[in-house]
Amino acid sequence: MSSEEGKLFVGGLNFNTDEQALEDHFSSFGPISEVVVVKDRETQRSRGFGFITFTNPEHASDAMRAMNGESLDGRQIRVDHAGKSARGSRGGAFGGRGRSYSRGGGDQGYGSGRYDSRPGGYGYGYGRSRDYSGSQGGYDRYSGGNYRDNYDN
């Protein structure tokens, strides 16, 4: 887990910022073991965020405090520990690796929990989820079941 402790999420990147530029801006805080700018699989264009792993977790904390909210290549960046941001602010539409598609109904404990407990569950990327049957009368057994039949076989 030591490598995870030194791993930072960097969001709000300029689409032209690459690994080298990111490393150049953060290397003054200490030795870096890995720099990744996440790219779209098909277009290879930056998705506007990345990760930096410091060999020493204390260096990562120093970098996070100093660089969060700073400007990099003309964009204000957000820097946080990697584990926090992946679950917290970005967990909504993805629901923690798609587990929101289970039929449990409660969903407490999946993802961050911030989006799952909203009444009706609409507006946060869960439109296709089957967890909300009956809450809004849309895609459930009361409308004939034709939406659910394809998924239940």
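Cβ coordinates are placed from backbone N, Cα and C, and glycine is handled just like the others.
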Of the residues ARG87, ARG114, ARG128, give the one that Swiss-Prot describes as omega-N-methylarginine.
ARG128
Out of ARG45, ARG103, which one does Swiss-Prot list as omega-N-methylarginine?
ARG103
Using a 10 Å cut-off, grab the number of neighbouring Cβ atoms around the Cβ of ARG47 (omega-N-methylarginine), all chains included.
14
Please report the three-state DSSP label of ARG47 (omega-N-methylarginine).
strand
